[in-house]
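Inspection log for the structure reproduced underneath, given as structure tokens.
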Amino acid sequence: MATTKSFLILFFMILATTSSTCAKLEEMVTVLSIDGGGIKGIIPAIILEFLEGQLQEVDNNKDARLADYFDVIGGTSTGGLLTAMITTPNENNRPFAAAKDIVPFYFEHGPHIFNYSGSIFGPRYDGKYLMQVLQEKLGETRVHQALTEVAISSFDIKTNKPVIFTKSNLAKSPELDAKMSDICYSTAAAPTYFPPHYFATNTSNGDKYEFNLVDGAVATVADPALLSVSVATRRAEEDPAFASIRSLNYKQLLLLSLGTGTNSEFDKTHTAQETAKWGALQWMLVIQQMTEAASSYMTDYYLSTVFQDLHSQNNYLRVQENALTGTTTKADDASEANMELLVQVGENLLKKPVSKDNPETYEEALKRFAKLLSDRKKFRANKASY
């Protein structure tokens, strides 16, 4: 009798634990964030291809796509382009690009996008080919048609304010329902590299609304992870599915943040003695790189600290290569040789440990993430069927 009683107690304890785990998975909000970095977008593209392949394997579904698993996908600059590629619908209302299509896209179009215009005084590239290929690939698709919530940043140089394109903002600000092609060019229009982008939409009253936009990195400084999280948090006010992360309850947040690599040579290149003699011109050449590196580091530090304090460190994964050298550090070197090197960087990164304190490789961590994403999707699907 005692044995039977003990077995029943153990059974109900397991059942309660399982139910609790299921509830957490069901309520979990999933976020994917992709950094900016020009042609270095090849690195996160390799990571996305691996992750999507794992999701297809886990769910035994070759048609599985990243947009099926993430509640919010955000990006800036080249990360904004990747966001659009994996969330913009085709004629069958499925993502027009699989993750495996992204690297070939860079190889086909990168050399034409980063084709020096020959201008000494203007931007390095005229942006015409970039706009042409965006219009060709994304067509007339607008923000509201994205297959999941998106968060793509830009900066308006006329109003001096950041502009964040998301589906959740459209009810209050319908003028933000811009074409994805305009948004992608705008978030990639880095000052000195591409010309700023002008376009117009209509307000709810039918009035003309003008945009004068440059690179989203000006607004979010390359790493859009916090922006993507804030969009997910704001959605909690309107969508019951997001209620679990209200008041920044990161325990129910599953965040994957992909970097485009940092320059290991940068810190070694300059010393205090050397820079003490610098003037405005020398500082202008490196200040943006310094600011982006510092901001990206602080974003990762903040998120890591928050998740660790909540004992939810496995819910956050930052995938970043911190040892880029030579031509791979350049955002606009679209030579075939350099792109091949970037592919190698991405593939080698999968085999590297997540950190000095965590021997788990990125490949292993992404497999774990894929299982969580798959389980959570199944739990939600089962709930919806009742």
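Keep in mind that glycine also has a Cβ here, set from the backbone N, Cα and C atoms.
Summarising the annotation, Swiss-Prot assigns active site, nucleophile to SER77. The active site, proton acceptor annotation in Swiss-Prot covers ASP215 and rests on sequence analysis. Per Swiss-Prot, the feature N-linked glycosylation site maps to ASN115, ASN202. Swiss-Prot lists 36-41 with the feature motif 'GXGXXG', giving sequence analysis as the kind of evidence. Residues annotated as signal peptide in Swiss-Prot: 1-23.
For ASP215 (active site, proton acceptor), the same-chain residues that are 6 or more apart in sequence and have a Cβ closer than 8 Å to its Cβ are GLY36, THR76, SER77, SER154, PHE155, SER186, THR187, ALA188, ALA189, ALA190, PRO191, TYR193, PHE194. Comparing local CB density within 10 A for the recorded positions SER77, ASN115, ASN202, the maximum falls on SER77. A separation of roughly 34 Å, to the nearest angstrom, links the Cα atoms of ASN115 (N-linked glycosylation site) and ASN202 (N-linked glycosylation site). The predicted model assigns the motif 'GXGXXG' (36-41) a mean pLDDT of 95.
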